[in-house]
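The block underneath contains the structure these notes are about, expressed in structure tokens.
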């Protein structure tokens, strides 16, 4: 099967054969040969050849192609959503939302380019000062499996608008979504070599990351892999590296009047996308006392009735399967470790079928655990931490090396103002789920959640570098010479 897209054509890979499966049914979705090191070499060379013409193309012409891509996404929304659902297990309602987000990203990215990296002119005494922005060159984009369309799209779209060319290495767990997306780019009229697709597993990613002819690498994925990339590019300041990684995110619940609203936002924060969003709440901090007890009782009641089913089930479930049976078993193992450390089960996670990715939403009270591991468990595993007062809640919330998202559910704005000033995270929400983020704002975190290159609206910043010029249309001698010069 021809599954690599290099220099505007579909090609056979020379690497190992691998496959993706629907985690909710086990059925095969995609199979093909990955890219070998030689295939990666050809992809990078193709992007390098295409760079001069693409970057020289008028910005409006580049944007016209990108807008055509958005229009085709709308036309093919159902087909792409179905592929996302089949390959990731997420319900169709959520897959459709992902495709809609991909299309909406285009106008937002164009606006961000003009606002953050456009051209500025200001008069000076001797001419005009001009600020322009230039593309880096060839950039590698590494995509994750949880949003296999939307998240790499958040790097690719602004990179292309800025004039870069791209080599895209998707997750080996979602190659079918990547192929379908690249087909849409091809049909939108993107010139040959501007976007290249190299499918593959770890060896393909290593070959691309190690290539000496890339000018940048944009990564979304785990903190462990991102940290390895950061070490790898140490001593290479010429490479622009943008890392979007995970978090051990806290949601603090205060004593609120509308307990059902608090429970709803906690459910969304912890269990949306089966807990497979990097902004999901991993720790839910609940006050000690009667209110906290009532909240936990209601939270457990609603969580116990969350439906999980195949992507196209009717009626639609809230959750689908996690990405694989292996991921499901790792979550159950993580729960077992926490129980061994002294956590008290409120709802225990169980894997429905060892061959599939279905697990239920689970809740553990980890307050008794003396040394709680600072880890991101990428699934529907909510850890409850009881606190005494706001200072205690903030201290516990900040007790992490990560800093992606955090949230507060509270009626009192004074409490919110105290919280937002003290919390250490890049996305901090009040009376909204932790995984709610605006595309018109930056998306990124502090600590081990990234390397201070936020994406979304600020992706324009790492897709181009500033070029400052002082210009005069006429060459002439200055009115006054510097001391010691004689003409």
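Cβ coordinates come from backbone N, Cα and C, glycine included.
So that you can see what the record holds, here are the features copied from Swiss-Prot:
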ACT_SITE  244  active site
ACT_SITE  278  active site
BINDING   221, 222, 223, 224, 225, 226  NAD(+) binding site
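Annotated features, which come from Swiss-Prot, shown on the structure.
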{"residue": "221", "record": "NAD(+) binding site", "CB count, 10 Å": "21"}
{"residue": "222", "record": "NAD(+) binding site", "CB count, 10 Å": "15"}
{"residue": "223", "record": "NAD(+) binding site", "CB count, 10 Å": "22"}
{"residue": "224", "record": "NAD(+) binding site", "CB count, 10 Å": "11"}
{"residue": "225", "record": "NAD(+) binding site", "CB count, 10 Å": "18"}
{"residue": "226", "record": "NAD(+) binding site", "CB count, 10 Å": "23"}
{"residue": "244", "record": "active site", "CB count, 10 Å": "27"}
{"residue": "278", "record": "active site", "CB count, 10 Å": "28"}
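In the three-state DSSP scheme, residue 225 (NAD(+) binding site) falls into the helix class. For the pair residue 278 (active site) and residue 221 (NAD(+) binding site), the C-alpha distance works out to 9 angstrom. A straight line from the CA of residue 244 (active site) to the CA of residue 221 (NAD(+) binding site) spans 7 Å.
Other residues of the same chain near the NAD(+) site, with their Cβ within 8 Å of the Cβ centroid of 221, 222, 223, 224, 225, 226, are 219, 227, 228, 245, 246.
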